[in-house]
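According to TrEMBL, the protein carries these features:
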| type | residues | note |
| --- | --- | --- |
| BINDING | Ser110, Lys116, Glu117, Asp146, Lys287 | UDP-alpha-D-glucose binding site |
| BINDING | Lys288, Asp312 | Mn(2+) binding site |
| TRANSMEM | 24-41 | transmembrane segment |
| TRANSMEM | 53-72 | transmembrane segment |
Amino acid sequence: KMTCLTDAYEPLSRIIPISKNKLTPYRAVIIMRLVVLGLFFHYRITNPVDSAFGLWLTSVICEIWFGFSWILDQFPKWCPVNRETYVDRLIARYGDGEDSGLAPVDFFVSTVDPLKEPPLITANTVLSILAVDYPVEKISCYVSDDGAAMLTFESLAETAEFARRWVPFCKKFSIEPRTPEFYFSQKIDYLKDKIHPSFVKERRAMKRDYEEFKVRINALVAKAQKTPEEGWVMQDGTPWPGNNSRDHPGMIQVFLGETGARDYDGNELPRLVYVSREKRPGYQHHKKAGAMNALVRVSAVLTNAPYILNLDCDHYVNNSKAVREAMCFMMDPSVGRDVCYVQFPQRFDGIDRSDRYANRNVVFFDVNMKGLDGIQGPVYVGTGCCFYRQALYGYGPPSLPALPKSSACSFCCCCCPKKKVEKTEKEMHRDSRREDLESAIFNLREIDSKCTNYTTTSMSGPCLSPR
């Protein structure tokens, strides 16, 4: 018990500097290249070509620009760092299970065209989110359908039904990865280290259920290849509101959640919400950023989790404990208040071992991003990022209120006695700024008071970004 109590007050993460034996030779090479570059520019500038002065000047300008770009590219690689998380300390501090003190997390998944972004891939992404190793009542998945396609809606309904079997199966046998397509495609001995004698039988049944699920999804895709002249019609006979993808009302449908369907073992499932934002002609609202803003507003009313993790529809969670690793930074009292977001690297499947076309982006994620983390913080790459919600809302207006002007008596020293100035202009400016910073544009406490019914409560090597 004393050990657990000690772990609860230990830091939840730490920085692991790169060994100097690895960095020193690389830095020496950078300095050597910089010296050679300087000598090269000195020679080029001091030896102009008079017979082709315009061409010489153009080439020198281009060379200087490329040299300057190279220098900027070396800064992120000068001081890279690694980070290590302690999930066991997180559990010791905040607990686990239903009474856990872990913060809720809202997942955002965005898709537009189901014919270009196959619904089966989106379904696998959603299933990996619903099956993460995190308290189910603290997980919510919002799927943004910016194309208002009935195919996406129906495939999400099929996904919700299949999740009732897939989620308990993953948690019962600690399945990794928790994406059925990639789990069943692994060529490994799945009988190794499996204690439950019923695992083989249940795995075969689950694989058969998944194959049937794929057949149903592919049937929906085949059906959607040709749109009826009168438009799509829902099961109750009413027209699908999104038949005109550029002019339709907002649509929200909750498939799973606190009051929705439970899994086949009778346990609660994470929330699954379909969202298609309102579209009207004449407005430029067909981009991903606008869809994310719509999800921020919808989730603020339904769940209002303090943290948001967004994924593309084809990027699944390949580590079920990734959310806990992000919370090791976000919920750490020593560093959490200074962190705006945690950016996870991307890992890609289906690439040859040699990676001859550099599709894995190893240099970017394993070198540049870690180098930026050592300087100040990584850049946001658009997916696989856990945000602090309040940091997205912002604090205060862009301009501070004007300071009160001095009264006329300040110029009439012979008529009015001088009064003691309580605060200088600098202090008044600082106080007014502090008041603005303390009042958020979108007050989370106001949402909590309105939505009490809802607010009761391998991604590895993340990088941090300060606020």
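The chain as shown is numbered from 1 upward.
Placed from the backbone N, Cα and C atoms, the Cβ positions cover glycine too.
TrEMBL does not curate its annotations; it predicts them automatically.
Counting residues 6+ beyond its ends, the transmembrane segment (24-41) has Cβ neighbours under 8 Å at 63-64, 67, 70-71, 74, 77-78 in the same chain.
Largest Cα to Cα distance within the recorded UDP-alpha-D-glucose binders Ser110, Lys116, Glu117, Asp146, Lys287: about 16 Å as a whole number. Highest local Cβ density among the binding-site residues Lys116, Lys287 belongs to Lys287, counted as other Cβ atoms within 10 Å over all protein chains shown. Separating the Cα atoms of Lys288 (Mn(2+) binding site) and Ser110 (UDP-alpha-D-glucose binding site) is a whole-number distance of 7 Å. Checking each of the binding-site residues Ser110, Lys116, Glu117, Asp146, Lys287 against Asp312 (Mn(2+) binding site) by C-alpha distance, the shortest gap belongs to Ser110.
The C-beta environment of Glu117 (UDP-alpha-D-glucose binding site), restricted to residues of the same chain at least 6 apart in sequence and closer than 8 Å, consists of Thr111, Cys313, Asp314.
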